[in-house]
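Enquirer: There's a structure below that I have some questions on.
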Amino acid sequence: MKTLQATFFLVAFVPLVKPAPPIQQDSPKFYEYDTDIVTGSLIQQDYEMLPKDAIKDGTNVSLDTGLRLQADDSELSARPTKDTNLPTCLLCVCLSGSVYCEEIDIEAVPPLPKETAYLYARFNKIKRIAVSDFADITTLRRIDFSGNMIEEIEDGAFSKLLLLEELSLAENRLVKLPVLPPKLTTFNANQNRIKSRGIKNNAFKKLTNLAYLYLGHNALESVPLNLPESLRILHLQHNNITTITDDTFCKSNNTRYIRTRMDEIRMEGNPILLAKHVNAFSCLKTLPVGTYY
């Protein structure tokens with residue numbers, strides 16, 4: 001009887017015991033790994049499209065890349081593009097309101113994000129600046145076009161840049177100066193082809209914040225008129241200046257007048273003997289640098 005009961009229990013229990021199905025562990029790892037591969041490819045592709053100078057700077061590249069990879073489709077589509085449909089922030093390097101477009105051989109000012117405050121477009125092949133280049137960019141505070149081929153700047157190209165404080169047009173091919181925005185503190189036009197007739201009589205008169213004016217290595221025949229009282233540094237070296245009057249820096253009708261802010265005037269390399277114009281410097285704290293005898 002006991003044998004029959006054991007046999008019955010065994011027969012009844014065995015069918016209920018089945019091997020558990022194998023645990024599927026590989027699938028989640030596979031999909032996760034595959035996602036990493038795709039992300040890595042995007043980062044590498046984005047990295048390769050950046051300028052060489054930006055690639056050398058690992059910090060800027062990684063941060064800028066991360067910001068652009070996180071942007072949604074609507075933000076990317078809103079970015080301004082060049083004729084090649086390549087976003088400016090891939091052609092250049094955009095970071096915290098600054099746009100760096102240096103040494104990439106562009107021939108025109110690239111479309112800029114509306115929040116741009118600082119533009120560095122040095123050492124390119126830009127030949128012309130148009131009114132439309134900055135028509136919608138009112139936040140600019142600094143522009144650097146040094147080392148281009150700029151020959152022409154349309155009238156009013158900078159007229160809407162009411163916040164612009166620093167402008168460099170050094171090492172270009174300008175023969176005349178554009179109308180400058182009112183809040184400039186620094187203007188650099190060294191190493192151009194500017195003659196005195198290319199500067200209007202009141203070009204600097206209303207620039208009451210202008211402290212640094214660089215016009216060295218041009219073709220000026222005389223010192224620009226109506227220089228603002230705010231000037232601290234004036235560079236006119238290596239021009240063709242042949243004459244200075246008592247009203248160039250001072251006021252001939254006011255012997256007590258002193259230019260209190262002027263710290264430096266450079267005039268070396270001009271065909272003029274400064275010793276012949278002593279009265280022209282009577283209001284200055286320091287004599288200009290140049291040839292006296």
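Residue numbering: from 1, along the chain as shown.
Note that Cβ sites are derived from N, Cα and C of the backbone, with glycine treated the same way.
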Enquirer: With the disulphide bonds as Swiss-Prot has them, who is the partner of Cys250, out of Cys101, Cys283?
Expert: Cys283
Enquirer: Mind checking how the repeat 'LRR 5' (195-220) divides into helix, strand and coil residues in DSSP?
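Expert: Computed counts for the repeat 'LRR 5' (195-220) are 3 helix, 5 strand, 18 coil.
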Enquirer: If you count Cβ atoms within 10 Å of each one, which of the glycosylation sites Asn240, Asn253 comes out on top?
Expert: Asn240
Enquirer: Tell me which residues of the chain lie with their Cβ under 8 angstroms from that of Cys250 (disulfide bond), as long as they are six or more apart in sequence?
Expert: Tyr257, Arg259, Asn279, Ala280, Phe281, Ser282, Cys283, Leu284
Enquirer: For the repeat 'LRR 3' (151-174), DSSP counts of helix, strand and coil?
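Expert: With helix first, then strand, then coil, the repeat 'LRR 3' (151-174) has 0 helix, 5 strand, 19 coil.
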Enquirer: Measuring Cα to Cα, how many angstrom lie between Asn240 (N-linked glycosylation site) and Asn253 (N-linked glycosylation site)?
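Expert: Counting only the Cα atoms, the answer is 28 Å.
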Enquirer: Same chain only, please: residues at least 6 beyond the ends of the repeat 'LRR 2' (127-150) with a C-beta under 8 Å from a C-beta of the stretch. Say none if there are none.
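Expert: Distant Cβ neighbours of the repeat 'LRR 2' (127-150) are 97, 107-109, 112, 114-121, 156-174, 178, 188.
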